[in-house]
Amino acid sequence: MAFEGLADRLQSVMNKIRGKGKVTEADVKDMMREVRLALLEADVNFKVVKDFVKRVSERAVGQEVLKSLTPGQQVIKVVKEELTALMGGEQSKIAVATRPPTVIMMVGLQGAGKTTTTGKLANLLRKKYNRKPLLVAADIYRPAAIQQLETLGKQLNMPVFSLGDQVSPVEIAKQAIAKAKEEHHDYVLIDTAGRLHIDEALMDELKQIKEVTKPDEIFLVVDAMTGQDAVNVAQSFNEQLGLTGIILTKLDGDTRGGAALSIKAVTNTPIKFVGMGEKLDALEPFHPERMASRILGMGDVLTLIEKAQAAVDEEKAKELEQKMRTMSFTLDDFLEQLGQVRKMGPLDEILKMLPGANKMKGLNNIQIDEKQISHVEAIIRSMTKEEKMNPEIINASRKKRIAKGSGTSVQEVNRLLKQFDEMKKMMKMMTTMTKGKKKGFRFPFM
Amino acid sequence: MSFFKKLKEKITKQADSVTEKFKQGLSKTRDSFAGRVNDLIARYRKVDEEFFEELEEILIAADVGVTTVMELIDELKMEVKRRNIQDPKEMQAVISEKLVDIYRGDDDNLATLNIQENGLTVILFVGVNGVGKTTTIGKLAHKLKSEGKTVMLAAGDTFRAGAIEQLEVWGERVGAEVIKQSAGSDPAAVMYDAIQAAKARHVDVLLCDTAGRLQNKVNLMKELEKVKRVIEREIPSAPHEVLLVLDATTGQNAMSQVKIFKEATNVTGIVLTKLDGTAKGGIVLAIRNELNIPVKLVGLGEKMDDLQEFDPEQYVYGLFADLLEEPQP
């Protein structure tokens, strides 16, 4: 997961200070050295690191800490606040032109993921904002780039405007806008060719496209794995084109993604979206405060809740809660539960959003095999209604039948039954616990 | 400046065109990296702690990575002590020497591509998304063809939209047959077909493309293991090279890429692409230093012949070229 390493390092530093009665200047210095190294290893630009460390040290050593009753906590708070500030104030939205179509230009280096992101953005615009985008294939240089966008268009069932690779991108963009007006598309997404920020001829081409199409947004697509050079690239694109936003891709990798921090700090352009997977719906809004929480190992609870709300039917959730209380939770409910959780996304991603999850070493590297869950579903589906209600009646011959029906083995059936049994026991414990003491959930340092 | 003299002599023996390619391709990197080193050397009158601190920053800015930078600085400090160096101007040679040392590694032979004298050579390309695997294959096919070899391409990226078509365009350009199946098919099956075809047609080199994948996706890495297994089963000595393609703009994540791809496919070498940008690709220093995997090819531009065999001497010469030509004050 993104920023994991940074979170780990900061966490170990924070743990040393957390709970201390007093933070001395030497403590802060120690901590800041670790913070500096962690940020550098996370690919945050060294200049940005310097500023950050300086600012945090000043605030941490200053009166704020001394005044506070629990200085350790105060320092963590300072670091988190500064980190959030560094990544930008708040979440940003996509522009809407007063007179449609709204034009969005996608620019960036080769291989950053512009074409894929163009497809994802179009999908998001249609799904979330109910828009009707037109995709424009303006990458005439890379072999088969046009086919790539056309294939994505087919997958999304969306029109792609293309004039082949013999017409200049400026002309393509111009005609695309006319076409969009004619066919009442409210968004035009122009996929441009990847280019080096120092390639004058190709940068001029982008300026011309900008001139002709008057885009409402110019998004720089940046690979989250980019190192120290991210700053130069972003700065150069920004100076030449005037960027309105950044889209960070491949954040579902294990990169620490320090580029996110530096680009924002240097260009002062907001990070609007992040690419979180290879599927066309894996584009998410960027939330600086949530990301900062994640960096500090506080978990991304907000995203998790949002995902759960999108996937879980409230009525059903209430019903389930009732069942858990009255202990009438059956394998059928379990199956439904699995389905709902799966709707939220890949399970390992969900797990990692839980607070403290990246502190638990085992959980850190856990890879949930989605196939195994399919097996579980198959096993339950191969049971009779009666068996699902009362798993106790499942004897050896029934197990054999279930295994055969689901294409699994008796061992797997046994394992599932055992797990289900243990789950029920845990539920029982949990319900008695919450009945007993009404102690609410507490955040690590509140 | 005896080191530079030696370096220059060694290089002048090689073709001028190669030297020119390195000089051209590295011009931006040179401006920012060597330029800064030179600036540093010019500004300081003494090699002191502050000098090293600034050098440390330059190296970190080149993505060399904290661990390797610390090691390198320590070694340089020792060297300075041993030779009793006072004048910063002498540092240039010391730094370059050290860089060549690390880039070259322990074994010179490792750095050249393992192309079989007789029979089929299979080269598997792996890497994360968007590093330039398909482009590198196209360029390498061109290079091998111009050396008189017959080349076949295997379209193993069956996932990304347009990937097969992209390889086909390259196949047409360089005149190499492309073995493919439809999009979404099993890449291991494509490899099987390709090997059978390569054997039947007595091709010299088979270049195998694969879909880009992030190294933390366990299932996708398993798929890659399977691809390699199928190749091994058909030709026990193959693949003769597994090349990890690495984008020079990548930061510290490259370490994780190398480690995990090596575990899955036993990577034998690295192709460093997009070196013609302003990124310095310093991470390969760390890779060489900490993981001991050699860089075998570098991408120095967008043209077909901009893929070159990596030569540490050429590389360092490319970095410091201007210095060698202008008389030292």
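All positions are counted from 1 along the displayed chain.
Keep in mind that glycine also has a Cβ here, set from the backbone N, Cα and C atoms.
The Cβ of A:Thr192 (GTP binding site) has 28 neighbouring Cβ atoms from other residues within 10 Å, across all protein chains displayed. The annotation GTP binding site is assigned in TrEMBL to A:108-115, A:191-195, A:249-252.
What TrEMBL lists as domain 'SRP54-type proteins GTP-binding' is A:270-283. Counting residues 6+ beyond its ends, the domain 'SRP54-type proteins GTP-binding' (A:270-283) has Cβ neighbours under 8 Å at 87-88, 92-94, 113, 116-117, 119-121, 123-124, 127, 152, 155-156, 219, 224, 245-252, 260, 263-264, 346, 349 in the same chain.
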According to DSSP, which kind of secondary structure is A:Thr192 (GTP binding site) found in, if we only use helix, strand and coil?
strand
DSSP says what for the domain 'SRP54-type proteins GTP-binding' (A:270-283): how many helix, strand, coil residues?
0 helix, 6 strand, 8 coil
Hey, which of our binding-site residues A:Gly108, A:Gly111, A:Lys114, A:Leu251 end up with a Cβ under 8 Å from chain B?
A:Gly111
Does DSSP put A:Lys114 (GTP binding site) in a helix, in a strand, or in coil?
helix
Could you check the binding-site residues A:Lys114, A:Arg195 and say which one's CB has the most other CB atoms within 10 Å?
A:Lys114
Would you mind checking how many other C-beta atoms are within 10 angstroms of the C-beta on A:Gly111 (GTP binding site)?
25
